[in-house]
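Feature annotations, courtesy of TrEMBL:
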BINDING   HIS134, THR135, LYS273, ASN282, ARG291  substrate binding site
BINDING   HIS164, HIS209, HIS265  divalent metal cation binding site
Amino acid sequence: MVKRLVVTAGEPAGIGPDLVLALSKEHWPHQLVVCADKKMLAQRAEQLGINVTLLDYDASTAPSPQQAGTLVVEHIDMPSTCVAGQLNEENGHYVLKTLERAALGCMKSEFDAIVTGPVHKGVINRAGVAFSGHTEFFAELSNTPLVVMMLATEGLRVALVTTHIPLAYVSKAVTAERLQKIIDILHRDLVEKFAIAEPKIYVCGLNPHAGEDGCLGREEIETITPTLEKIRQEKGIHLLGPLPADTIFNEKYLNDADAVLGMYHDQVLPVLKYKGFGQSVNITLGLPFIRTSVDHGTALDLAGTGQADTGSFRTALQHAIELVEKKQ
């Protein structure tokens, strides 16, 4: 069955529109609907020398596979003109409208998944909106109390207990309650969205050498280990750890792990990005819909030049398609 995926072009002055237009060069097995200003896309296509027919989106028609040379657009009006590479805070609210349209469409089952292009947090905040990122925006819009950040590349999935907080705050943020909720969401989505019947989750310790029996920190002894044991006993979830972060990425472990759970951002993401930079994808777990995203920013200096690397965007779209097809 043909599905309908919605794609947001992100910050109009960045490479998001370039990446979206690159999709039009080939056939895709499902319908892709781009939330963006149609005139802006036409101008960027001309600048890039891409020959594409922009079609108006019609929700009343059944989805059909995307044909090369075309792009279906759900037009969201952009209030001010856009020059590639030059931010304009007058368009900050426009970016949020594209995200809102996409998310609400998913929540109404109009769309089967969202793939998001990169946004510029600064320009949205300068437009007068407190915005910390896609993840938080979608969580608030869908009344989701807690979401989990996962990044994936070939052969590796990592998820985080804490995300964008200072390192000095991490140890206090890693509580038994939070750890249990994060593992519940991670396990549920590995089963329901990734179709892994009995996921194996490998868990990093917080401290060097996972605390070295309390000599290098007591968070493992006092919080992490007893919480993992409680979850194993009460829910039967397959958890291994806490393991030292400097050895958990050994192939001996990775060959068995369906996901690695890190305690903080820079504990696990450098490994993933070293392994698959440009070929990795950000997946938000816990939302009532599938959402994937690129692993990079707006790259204003590359916008409109034709030099933007489509690798991560393509990976994000392919992951979304795989997750959608697993739901069938």
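Each Cβ is built from the backbone N, Cα and C atoms, and glycine gets one as well.
Location within the structure of each feature annotated in TrEMBL.
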residue: HIS134; record: substrate binding site; Cβ contacts under 8 Å, 6 or more apart: LEU99, THR116, VAL119, THR284, ARG291, SER293
residue: THR135; record: substrate binding site; Cβ contacts under 8 Å, 6 or more apart: VAL147, MET149, THR163, THR284
residue: HIS164; record: divalent metal cation binding site; Cβ contacts under 8 Å, 6 or more apart: SER132, GLY133, HIS265
residue: HIS209; record: divalent metal cation binding site; Cβ contacts under 8 Å, 6 or more apart: LEU216, PRO244, ASP246
residue: LYS273; record: substrate binding site; Cβ contacts under 8 Å, 6 or more apart: LEU151, SER280, ASP295
residue: ASN282; record: substrate binding site; Cβ contacts under 8 Å, 6 or more apart: MET149, MET150, LEU151, THR292, SER293, VAL294, ASP295, ALA316
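In this record, substrate is bound by HIS134, THR135, LYS273, ASN282, ARG291; the longest C-alpha to C-alpha distance in that set is 20 Å. The binding-site residues considered are HIS265, ARG291; of these, HIS265 has the fewest other C-beta atoms within 10 angstroms of its C-beta.
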